[in-house]
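Have a look at this one.
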Amino acid sequence: MDIPPLAGKIAALSLAALPVSYALNHVSALSHPLGVALLSALIIGQLFVAVYSLSRGEISYDPHYAVFAVFAFTSAVDLLLALQEDGYLVGFMEFYTKEGEPYLRTAYGVFICYWDGIVHYLLYLAMAGAIRRRKRYRNLGLYWLGSFVMSILVFLPGNILGKYSSEIRPAFFLTIPYVLVPCWAGVRIFNQARPPACYPPTTVQEEQRKGLLQRPADLALVIYLILAGFFTLFRGLVVLDCPTDACFVYIYQYEPYLRDPVAYPKVQMLVYMFYTLPFYGLAAYALIFPGCSWLPDWALVFAGAIGQAQFSHMGASMHLRTPFTYRVPEDAWASFFVCNMLYALGPHLLAFRCLQRPAFFQHLPPRPQVLHEKQH
């Protein structure tokens, strides 16, 4: 997969987040939650107008360019917010975390801001750069889509169900377009044409004739998917208060963060169980039986989703903003880190395998039927 050059114009525009956030932090009108919401919406609207006026050619070629430009700005803001909450910056986003979205001050909120401000930011620049140079970016878009949707699936329900449910402010409703626009963009990315197949039918047939035992890498991935599926189911049962001794020991001695009343870890485990677990089963099937052309796309989506989820979950489990009783005990750090890193790494290896050798998943063209005339 070719990585397109980054979009310098959008990178320069996103740097405006520094002076804008610093200036807004010193505006007295922003001491009211409604003022924060209205001014935030106004800034996003003006930013969109500026992007449209500066990049009409790129937007007419692909409207996603405007989406990536605006979201690159919000990613820069999220990075400033995370750095401020960890004490590396002062005087930038205090007004927003106090009167806009106070749940961003939680350990989980800080780490999703880090992910958005670093990983999503680089993806936006790369995809915008690809649009500017008329190159493909479908694979990057699918990874971003999975990562973005996973953060929304966990963060929004966690805000409503957790202990910060009473802290919902008007700025929370700005997430409505923040959800709808990526859904629109995701559908368009899925509908983009796939890169043309580069394998002749003979190569595809030869690859698909191989059994699972003749493909040791696929065999290892199938074993991983089965084990990861059991781990997913187990943690789902843990947050559902399963009364078994194993669940009790795990939640108190290995991952007490699953008991945190902020609700993010519980929602995360339930999303894993209801969405990721079925995917693991289907992915194992697709690695055994040839011709499942849907797997490369969905492997990228789930790699992005699980990468984002595990980064936020692992970071929040050990962050100082998490109460001490819910942090990972020191004697369990090694097992916690290894298990969760393997859980994050496996889907990326699956996506890499699908991209590097996709012949096994390709559909073979139908064989032509030759009619033989009988000779009398």
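Cβ from N, Cα, C; glycine included.
Predicted automatically and left uncurated, TrEMBL annotations should be read as such.
Quick paste of what TrEMBL says about this protein:
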- 61-186: domain 'EXPERA' (DOMAIN)
- 217-351: domain 'EXPERA' (DOMAIN)
- 33-53: transmembrane segment (TRANSMEM)
- 65-83: transmembrane segment (TRANSMEM)
- 103-128: transmembrane segment (TRANSMEM)
- 140-162: transmembrane segment (TRANSMEM)
- 168-187: transmembrane segment (TRANSMEM)
- 219-240: transmembrane segment (TRANSMEM)
- 269-288: transmembrane segment (TRANSMEM)
- 300-320: transmembrane segment (TRANSMEM)
- 332-352: transmembrane segment (TRANSMEM)
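Could you place these features in context, so I can see how deep they sit and what lies close by?
Helix, strand and coil counts from DSSP across the domain 'EXPERA' (61-186) read 103 helix, 0 strand, 23 coil.
For the domain 'EXPERA' (217-351), residue counts in helix, strand and coil come to 110 helix, 0 strand, 25 coil, using DSSP.
Sequence-remote contacts of a segment are chain residues at least 6 beyond its ends whose Cβ falls under 8 Å from one of its Cβ atoms, and for the transmembrane segment (65-83) they are 7, 10-11, 13-18, 21, 44, 47-48, 51-52, 55, 58-59, 89, 92-93, 96-97, 104, 110-114, 116-118, 120-121, 124-125, 127-128, 131-132, 181-182, 185.
Sequence-distant contacts of the transmembrane segment (103-128) (same chain, six or more residues past either end, CB-CB distance under 8 Å): 3-7, 10-11, 14, 58, 64-65, 68-69, 71-72, 74-82, 85-86, 96-97, 137, 140-141, 143-144, 147-148, 151, 155, 158-159, 162, 164, 167, 262, 264-265, 307-308, 311-313, 315-316, 319-322.
Sequence-remote contacts of a segment are chain residues at least 6 beyond its ends whose Cβ falls under 8 Å from one of its Cβ atoms, and for the transmembrane segment (168-187) they are 33-34, 36-38, 40-41, 44, 64, 67, 96, 99-102, 141, 145, 148-149, 152, 156, 159-160.
Remote same-chain partners of the transmembrane segment (219-240), defined as residues 6 or more beyond its termini with a Cβ less than 8 Å from a stretch Cβ, comprise 212-213, 246-247, 250-251, 255, 258, 265-266, 269-270, 272-274, 276-277, 280-281, 283-284, 287-288, 339, 342-343, 346, 349-350, 353.
If you look at the transmembrane segment (269-288), the same-chain residues 6 or more away from its ends with a CB under 8 A from one of its CBs are 150, 153-154, 212, 218, 221-222, 225-226, 228-229, 232-233, 235-236, 238-240, 258, 294-295, 298-299, 302, 305-306, 309, 350, 361.
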Across the domain 'EXPERA' (217-351), what does the pLDDT come to on average, as a whole number?
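Average per-residue pLDDT within the domain 'EXPERA' (217-351): 96.
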